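Pulled from Swiss-Prot, these are the features on record:
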TRANSMEM  6-26  transmembrane segment
TRANSMEM  37-57  transmembrane segment
TRANSMEM  63-83  transmembrane segment
TRANSMEM  119-139  transmembrane segment
TRANSMEM  155-175  transmembrane segment
TRANSMEM  181-201  transmembrane segment
TRANSMEM  207-227  transmembrane segment
TRANSMEM  228-248  transmembrane segment
TRANSMEM  341-361  transmembrane segment
TRANSMEM  378-398  transmembrane segment
TRANSMEM  410-430  transmembrane segment
Amino acid sequence: MSLLQFSGLFVVWLLCTLFIATLTWFEFRRVRFNFNVFFSLLFLLTFFFGFPLTSVLVFRFDVGVAPPEILLQALLSAGCFYAVYYVTYKTRLRKRVADVPRRPLFTMNRVETNLTWMILMGIALVSVGIFFMHNGFLLFRLNSYSQIFSSEVSGVALKRFFYFFIPAMLVVYFLRQDSKAWLFFLVSTVAFGLLTYMIVGGTRANIIIAFAIFLFIGIIRGWISLWMLAAAGVLGIVGMFWLALKRYGMNVSGDEAFYTFLYLTRDTFSPWENLALLLQNYDNIDFQGLAPIVRDFYVFIPSWLWPGRPSMVLNSANYFTWEVLNNHSGLAISPTLIGSLVVMGGALFIPLGAIVVGLIIKWFDWLYELGNRETNRYKAAILHSFCFGAIFNMIVLAREGLDSFVSRVVFFIVVFGACLMIAKLLYWLFESAGLIHKRTKSSLRTQVEG
């Protein structure tokens, strides 16, 4: 890449970044937080944060990248995607009408809410316990990170339930919403994330998500400022780099350490070059249609229920890894959101996907606002826990693609909804057995005086 070509790419990158950052800033000033703000920051991180890192790798370490015209296409496709997404998100689908009291779909009380978070936490802890009994601490047993996807590891399906510890702790926080509950959320979820990091053998997702939710709650409540958020972001990047070194068993120093930091940070937070690689091989892609979305559900079907279930699932990430990169190491390489759309239907699917994503984020913001307006604090805690708990799925959406997001968000909704139903059933059983006693003002006063 020549200096002139880099200059042209830099101008396009700067314009796209300023365009998205400006719209995000105005939205932040208006509402302080919603899921449009979160997705916009996540989109910036995924598709634009990596460009400066790539530039340093090219000019400092002479690393080969896709041709400049392909990199330009990647930047422009990301910018155009966001423009279509933003217009879709801001388009009102129906006229605003005065709030009319409606019969709520469901309601929650104190016992049901506490039972819900206990069940969610129980699912996570039991899953971790069973996985640990089968495999021990994989971080200290395996020689390479790719081995966690091999037949040596049993009970891999249990990992999908680990994440429900975070929604459980979110319910606990939203029931109190003070600084002590906020700090307890951080300590408990990060400690759990570190535990799963050692047990699973290097998976950092639970740590990243817990830290991100902690920061956004702090921004919403005004407990941290923007400069503190930026400082925490830098600390998070350094922390993820250190965990990556431990995961891959790397011991580096000097120029090698700087080089390793650049490419690991780019691959962790901003795999935008993967989109460029897909565009570079555009003519060789056999468009998969909506099949990757259907195939991604295969991993949630146990083999005893479907004996003939394919052992290798050809979703967009695996198609990109196996067919485009010809990589059969056992790791699935993230195609990014736009890359998954390219795999499914080429350039035509990019604006269509942007419209779909705009509607998805609009739905999450509708739920979030519903929780903000809810007068029943127990129901509000459940709604907010569901919304913030889905942040992991939004990260999957930006990094892994639409197909991975759909299967995971459906799984999340089913498990979360099942926990709600079980909690309500248990409450009904306890109440029928006479084990539930309603609190009265007189009994509370007696407890206080005693």
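Here the Cβ of each residue, glycine as well, is placed from N, Cα and C on the backbone.
Counting Cβ pairs under 8 Å that are 6 or more residues apart, the transmembrane segment (119-139) and the transmembrane segment (181-201) reach 3 or more and are in contact. For the transmembrane segment (341-361), same-chain residues at least 6 beyond its ends with a Cβ under 8 Å from one of its own Cβ atoms are 35-36, 39, 77, 80-89, 91, 275, 278-279, 282, 285, 287-293, 316, 319-320, 335, 394, 397, 401-403. By number of Cβ pairs under 8 Å, the transmembrane segment (63-83) is matched best by 6-26 from the list 6-26, 37-57, 155-175, 378-398, 410-430. The transmembrane segment (37-57) and the transmembrane segment (6-26) are in contact, since at least 3 Cβ pairs between them lie under 8 Å (pairs 6 or more apart in sequence). Of the recorded ranges 207-227, 378-398, 410-430, the transmembrane segment (155-175) has the largest number of C-beta contacts under 8 angstroms with 378-398. Counting only same-chain residues 6+ beyond the ends of the transmembrane segment (207-227), those with a CB under 8 A from a CB of the stretch are 32-33, 38, 163, 166, 170, 173, 177, 179, 182, 185-186, 189-190, 192-194, 197, 233, 236, 239-240, 243, 388, 391-392, 395.
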